[in-house]
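S.K.: This is the feature table in TrEMBL:
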DOMAIN    5-111  domain 'Gfo/Idh/MocA-like oxidoreductase N-terminal'
DOMAIN    128-262  domain 'GFO/IDH/MocA-like oxidoreductase'
Amino acid sequence: MLPGVGVFGTGSTARVLVPLLKAEGFEVHALWGRSEEEACCLAKELGIPFHTSRSDDVLLHQDVDLVCIYIPPSMTRQIAVKALGIGKNVVCEKAATAVDSFKMVTAARYYPQLLSIMGNTLRFLPAFVAMRQLLVEGYVGELQVCDVRVYGPSLLDQSYGWTCEELMGGGGLHTVGSAIIDLLSYLSGTRAHRVHGLLRTFVQQNGLIRGIRRVTSDDFCFFQMLMGGTGSSSVCCTVTLNFNMPGSFVHEVMVVGSTGRLIARGTELYGQRNGSKSEELLVGDNGWVGPEVKEMPLPLLQGLSSMVKALRQSFQAKEERRCWARGPVATAPTFEDGLYVQTVVEAVKRSSSSGEWECVEIMSHEPDPNQNLCEALKRNKN
């Protein structure tokens with residue numbers, strides 16, 4: 001028996017997610033929106049029987065056992081932690097800060113019987129599933145270099161909102177770069193220990209965002225990561241994100257090793273061994289049969305579809321609708337992975353400000369919220 005689903009969010013992801021859930025046999029019982037009008041409009045469009053702008057109405061809904069959270073990052077932690085505390089399984093997007101991510105990790109550890117995964121759909125894309133398997137099998141030999149390029153149109157909403165604000169989780173690094181950071185960790189089986197980055201906001205105002213308001217979120221980002229071992233044994237990673245290219249979308253991930261390379265272009269995977277004269281197609285594009293969504297690139301769209309299929313398999317394996325099997329979703333990023341990713345994101349931001357390489361140190365305990373105040377009081381006493 002599949003669990004009933006409650007969806008938080010009315011953006012492009014939610015619009016795609018609901019039909020995918022229904023196609024796999026899930027019943028979507030409730031929808032939350034930031035306003036009653038937003039929630040009502042999308043609920044009617046997607047055929048969802050209950051809508052609200054009050055989060056507790058969804059979390060306490062008797063037919064909802066799985067909560068999918070696709071809302072602004074600054075709100076994610078509050079809903080995810082509360083959902084786990086009530087006893088709901090959770091699939092959610094990234095939080096806004098490492099502190100928020102740590103609180104989500106704490107809640108997930110307290111309720112280990114509940115599903116708690118991050119919604120990075122790239123891990124489920126067949127091209128990257130195959131790439132990871134080929135890396136494990138030694139297709140490229142010893143992994144040396146990872147190079148990622150993501151180019152596309154602006155990530156800003158039509159009106160001023162969280163996507164314009166760096167502190168609220170907007171920008172290419174947080175929105176797209178976080179998924180790439182997680183993907184590279186998944187593919188390589190290692191984590192970054194040092195990073196160096198550069199962030200820029202080239203479009204600070206436009207026809208819809210003007211006057212006293214300015215965009216602070218980055219639309220260009222370049223960063224490097226040293227992953228795995230130290231010294232010459234580290235895997236060198238470079239990532240370039242550019243969202244000043246309207247009308248185009250490029251998503252390319254290349255891994256290079258001692259005996260060959262693998263390249264994922266969009267949803268296709270190519271490989272070439274050293275000594276070979278040309279690339280070979282390893283995973284082709286089987287075609288997307290679902291609805292076209294301009295706001296969501298095809299790799300994310302197909303990855304989301306694959307993730308929903310994995311969720312169905314996970315819950316179908318158990319008779320009780322709240323119970324799930326780990327196997328089908330074993331590759332999904334955990335809340336611990338989310339904390340690591342957010343830690344790297346914040347290290348890249350520090351590097352952009354300092355101009356120096358920054359160490360990645362994952363939080364092991366929640367910082368004292370009054371720490372700055374206490375330090376100020378101590379300085380005054382001295």
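Numbers here mean position along the shown chain, with the first residue as 1.
Placement of Cβ uses the backbone N, Cα and C atoms for every residue, glycine included.
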S.K.: Could you please provide the mean pLDDT value for the domain 'Gfo/Idh/MocA-like oxidoreductase N-terminal' (5-111)?
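M.R.: Its mean pLDDT is 95.
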S.K.: Run through the domain 'Gfo/Idh/MocA-like oxidoreductase N-terminal' (5-111) and tell me, per DSSP, how many residues are helix, strand and coil.
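M.R.: The composition, in the requested order, is 55 helix, 20 strand, 32 coil.
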S.K.: Across the domain 'GFO/IDH/MocA-like oxidoreductase' (128-262), what are the DSSP residue counts per state (helix, strand, coil)?
M.R.: 36 helix, 47 strand, 52 coil
